[in-house]
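First up is the structure itself, then whatever we jot down about it.
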Amino acid sequence: MDGPSGSGKSSTARGVADRLGLRYLDTGAQFRAMTVWMLRHGVDVHDVEAVAAHAAEPRIVSGTDPLEPTITLDGEDVAEEIRSADTTAAVSPVATVPAVRARLLELQRATIAAALAEGGIVVEGRDIGSVVWPDAEVKLYLTADPGARAARRAAENGSTSVRSTEEDLLRRDAIDSGRTTAPLVVPDGATHLDTTPWTLEEVVDRVVAIVESTRGAGAGTAGARTAGADAGGHRASP
Ligand SMILES: Nc1ncnc2c1ncn2[C@@H]1O[C@H](COP(=O)(O)OP(=O)(O)O)[C@@H](O)[C@H]1O
Ligand SMILES: Nc1ccn([C@H]2C[C@H](O)[C@@H](COP(=O)(O)OP(=O)(O)O)O2)c(=O)n1
């Protein structure tokens, strides 16, 4: 499940994983934990070489229970700190660094492979269907109008300024979509869902229906449907 900030990926992915008995992985939380480490260690997040030089050091562990996802950094629970304003402001530049992406890609693929052996996983981020797991059984690209995304995010953060939240979202969209390594794109073979008019429950219902109809259509064809999508996808306009 890919898409821009505030499109509903985390809440939808958790709801779907819970309904279908699957694991859940928030890859954005991993980029945020990497960012917390850089900030704590005084690394200039705009210095690509400095960030790359340290990308192998943080120990990041994601718990994949959809009802209680966790994230630790060097053994410490950083679930709150990864959502701080400082982390949010610094995460997009850190996520553009190829060494960071390569490191987290390895972690993500290991987690997915382990979960697939136990029934499956819903993974959300920016490059899941295009780069991390192009052979996913179901690929979804979630969007919502910028105003709706900002209103949702502002409500969540207890912020009264929807306008400044929207400016922040659009700034991060531009970095996430414009970077050369694993930019935010609509992955080849993805179903695009515009969640603007729907409640969370409606979106979860629709996604569960898509998964069930894909599974009903027959296992074993998913790889063929999405084959060749490794570097695929087209530029998104979130
Ligand atoms: N369809 C929806 N309608 C209204 N609010 C939603 C919907 N989907 C998610 N939300 C709310 O919007 C906020 C952002 O959703 P989230 O799932 O964190 O988005 P993302 O992971 O794409 O950034 C959350 O507070 C969430 O409860
Ligand atoms: N697979 C991913 C996931 C997130 N990122 C980047 C892009 C985002 O700016 C940050 C944080 O992602 P996150 O999903 O937590 O951000 P929001 O919940 O949308 O605010 O990480 C990425 O580059 N690739």
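The backbone N, Cα and C atoms fix where each Cβ goes, glycine too.
Record note: among 195-216, 217-238, 217-238 is the stretch given as region 'Disordered' by TrEMBL.
In the three-state DSSP classification, Ser11 (ATP binding site) falls within a helix. Taking the Cβ of Ser5 (ATP binding site) as reference, residues of its chain lying under 8 Å away and at least six apart in sequence are, in sequence order, Arg149, Arg153, Leu169, Arg172, Asp173.
Averaged over the domain 'Cytidylate kinase' (1-212), the predicted model reaches a pLDDT of 95. Among the binding-site residues Gly3, Ser5, Ser7, Ser11, the residues whose Cβ sits under 6 Å from any atom of ligand 2 are Ser5. Cβ-based neighbour count (10 Å, all protein chains) for Ser11 (ATP binding site) stands at 15. With DSSP classes pooled into helix, strand and coil, the tally for the region 'Disordered' (152-173) is 18 helix, 0 strand, 4 coil.
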